[in-house]
Amino acid sequence: MADHGEHGVPEQQNAPPKKGLRFWLIFLAIGIATFVAALDTSIISTALPTITADLGSEELYIWIINTYLLSSTVSSAIVGQLSNIFGRRSMTTLALLIFAVGSAISGAARDTGMLLAGRTIQGLGGGSITTLSEVLVCDMVSLRERGVYAGILGAAWTLAAVVGPIMGGGFTQNVSWRWIFYINLPIAGSSLFLIVTLLRVRNPRSDTSILRRLRTIDWGGITLLTLGVTAILLSLTWAGTTHPWSSWRTIVPLILGFLGLLGFIAYEALPPEPTMPLRLFRNRTAATLFVMAFIYSLLLFWVCYFLPIYFQAVLNATPTRSAVMLFPVATTTAPAGIVAGILMTKTGRYRSFQYIGFALMTIACGLFTLLDQSTTTGEWTGYQILFGVGTGIVFTTGLPPILASLPESDVATGTATWIFMRNFGAIWGTAIPAAVFNTKANALASQTIDDPTVRGLLVNGGAYERATKAFVSSFKSRPAVMRAIRRLYVVSLREVWQVSIAFCGVGFLLCFLVKAYRLREELNTEYGMQLWRPVFKRLVCTWYLAGSANLMCT
């Protein structure tokens, strides 16, 4: 297998540092930061109705979620290059502070506008944390080892996604919805303390003036990217709900959004330090894996948003019960990712795992087409396990080969681009299946629902909005109508899963374009960990271990 690790770029080669107490405490801080950033993507779901009623948000309720999604997607893309300019430690500290400030504002919100402002600030911090966590790991361990640590961070993310809705419901019911934001302060604070106290990484530009560094920021690219993503998210938020897909209010912002992204890509050839260097996309392996990250994330959100519709509308589950019924996906993704990371570290191979991952996802989505009222618990659980294992494998084995194909100087921008593509895929992971579902539901309602009143409730996005146990069960006194409604959901969802198979197939075929690179066992980076300053070493080791004679602070 050819070694493509040399790119003609001068890099500092080091043996990976010893993994003593300092290393593990820093990694703990990174894991905590990842957990708290992921928590805010899910904790609000069960509290949203209460928040909306308390603040009188009405039709603005969707933006309580979308402002966070928008700002985190943009910040995840731009913070990689900013960390090259201002240093990893400074940007990580700033990201945690921004996230904490946004959490405090959200928790103290007195109206919807204040909450939206807080959520936007939170997203800027949360998206930055997600990218910087991966970048810091890349600076701390060799490329060969990164899969294991990526798997552990993935486990932290999955844990947050699982416990988030439960925590949100618990706080809302027993304390106050405001504590779903306030709880972030001590968690982020503990991570911030460890980062500020322990993290020391090299910054090649530490002698450059702040003004000169500010001038190197890709201001034009950031503006175009923000406008493009905002327009697309605006269109997808309106599509099928506020306005039909055929409405100019949906089509125009969508077109403008794509034009904005095309303008961003064209502009990236101009600045000396672009947010997403075009050389990343000229590399076949990196470009392919960026697309695979988009598809993987799209499919994960596809499944996690549309299986609950099946559970509630077809299997008659409550919203809380449907969240529990998603546990087979949530609890297998992280372990599968960790195992894949360990095997990748031991063997240095990743392509075979990618084939296996996408094959399992394809099989699972094919099996989802069999779901109906008669599907047993064992069957839908097994289908989810296959999908969870596949997504865990694909997630963990995605970033290391990207970085293996690029010079170490592109670690931050390559990582940021990979995470941006994941986040961008998540945006489409609800929009595409919703469009498929609503189109099929409209056709079926016209063909199979005779009652014009009931038909009116199910067309134009109504079936998607009313996919609840309460709605379907309200027709118990009219068994024929209830059977027809359940049949509408089964057939519409079957088409959703059939379309997902096509995306899985594209992901599998893209695996053939990924080259085999050597995963370097040495740590080549300009941003690696510095030796600890003696004062900090004595202070922190004493604080943690109370003067133990066997300090392992390296």
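Yeah, the Cβs are placed from backbone N, Cα and C, and that goes for glycine too.
According to Swiss-Prot, the N-linked glycosylation site annotation covers N174 (among others). The C-beta environment of N174 (N-linked glycosylation site), restricted to residues of the same chain at least 6 apart in sequence and closer than 8 Å, is empty.
As annotated by Swiss-Prot, N-linked glycosylation site applies to N283 (among others). Sequence-distant neighbours of N283 (N-linked glycosylation site) (same chain, six or more apart, CB under 8 Å from its CB) are S405, L406, listed in sequence order.
Panel annotation: around the transmembrane segment (24-44), residues 51, 64-65, 68-69, 72, 92, 95-96, 99, 103, 122, 125-127, 129-130, 132-133, 136-137, 140, 149, 152-153, 156-157, 159-161, 163-165, 167-168, 180-181, 184, 187-188, 190-191, 194-195, 198-199, 544 of the same chain, lying at least six beyond its termini, place a Cβ under 8 Å from a Cβ of the stretch. The transmembrane segment annotation in Swiss-Prot covers 24-44 (among others).
According to Swiss-Prot, the transmembrane segment annotation covers 60-80 (among others), on the basis of sequence analysis. If one looks beyond the transmembrane segment (60-80) by at least 6 residues along the same chain, the residues whose Cβ comes under 8 Å of a Cβ in the stretch are 37, 40-41, 44, 48, 51-52, 91, 95, 112, 115-116, 119-128, 130-132, 135, 218, 221-222, 225-226, 229-230, 233, 237, 275-276, 412-417, 419-420, 423-424, 426-427.
What Swiss-Prot lists as transmembrane segment is 123-143 (among others), and the listing cites sequence analysis. Long-range contacts of the transmembrane segment (123-143) within the same chain: residues 5, 16-17, 23, 26-27, 30-31, 33-34, 36-38, 40-41, 67-77, 79-80, 83, 88, 91-92, 94-102, 149-150, 153, 199, 201, 399-400, 403-404, 411-412, 415-416, 419, 423, 519-523, 525, 527-529, each at least 6 residues beyond the stretch ends and with a Cβ under 8 Å from a Cβ of the stretch.
What Swiss-Prot lists as transmembrane segment is 151-171 (among others), and the listing cites sequence analysis.
Taken from Swiss-Prot, the feature transmembrane segment covers 219-239 (among others).
The transmembrane segment feature in Swiss-Prot is assigned to 251-271 (among others); the stated evidence is sequence analysis. Long-range contacts of the transmembrane segment (251-271) within the same chain: residues 218, 220-221, 224-225, 227-236, 238-239, 245, 277-278, each at least 6 residues beyond the stretch ends and with a Cβ under 8 Å from a Cβ of the stretch.
According to Swiss-Prot, the transmembrane segment annotation covers 289-309 (among others). Remote same-chain partners of the transmembrane segment (289-309), defined as residues 6 or more beyond its termini with a Cβ less than 8 Å from a stretch Cβ, comprise 280-281, 319, 322-323, 325-326, 329, 354, 358, 361, 365, 368, 384, 387, 391, 394-395, 398-399, 401-402, 417-418, 421-426, 428-430, 432-433, 437, 464, 467, 489, 493, 496, 500, 503-504, 506-507, 510-511, 514.
Positions annotated as transmembrane segment by Swiss-Prot: 324-344 (among others).
Outside the transmembrane segment (352-372), and at least 6 residues removed from its termini, the chain residues within Cβ reach (under 8 Å) are 292, 296, 299, 303, 307, 310, 314, 340, 343-344, 379-380, 382-384, 386-387, 389-394, 396-398, 490, 493-494, 497-498, 500-501, 504-505, 507-508, 511, 514. Feature annotation from Swiss-Prot assigns transmembrane segment to 352-372 (among others); the stated evidence is sequence analysis.
The feature transmembrane segment is assigned by Swiss-Prot to 385-405 (among others).
With a cut-off of 8 Å between Cβ atoms, the residues of this chain six or more beyond the transmembrane segment (417-437) that come close are 69, 72-73, 76-77, 80, 127, 130-131, 134, 229, 232-233, 236, 239-240, 245, 276, 280, 289-291, 293-302, 305-306, 309, 398-399, 402, 461, 463-464, 492-493, 495-496, 499-500. Marked as transmembrane segment by Swiss-Prot: 417-437 (among others).
Annotation comment: Swiss-Prot describes 496-516 (among others) as transmembrane segment.
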Answer key: the stretch among 151-171, 219-239, 324-344, 385-405 with most Cβ pairs under 8 A to the transmembrane segment (496-516) is 385-405
Counting only residues at least 6 beyond its ends, the same-chain positions whose CB falls under 8 A of a CB in the transmembrane segment (324-344) are 146-152, 154-155, 157-159, 161-162, 303-304, 307-308, 311, 315, 317, 350, 353, 357, 380-382, 384-385, 387-393, 395-397, 400, 519
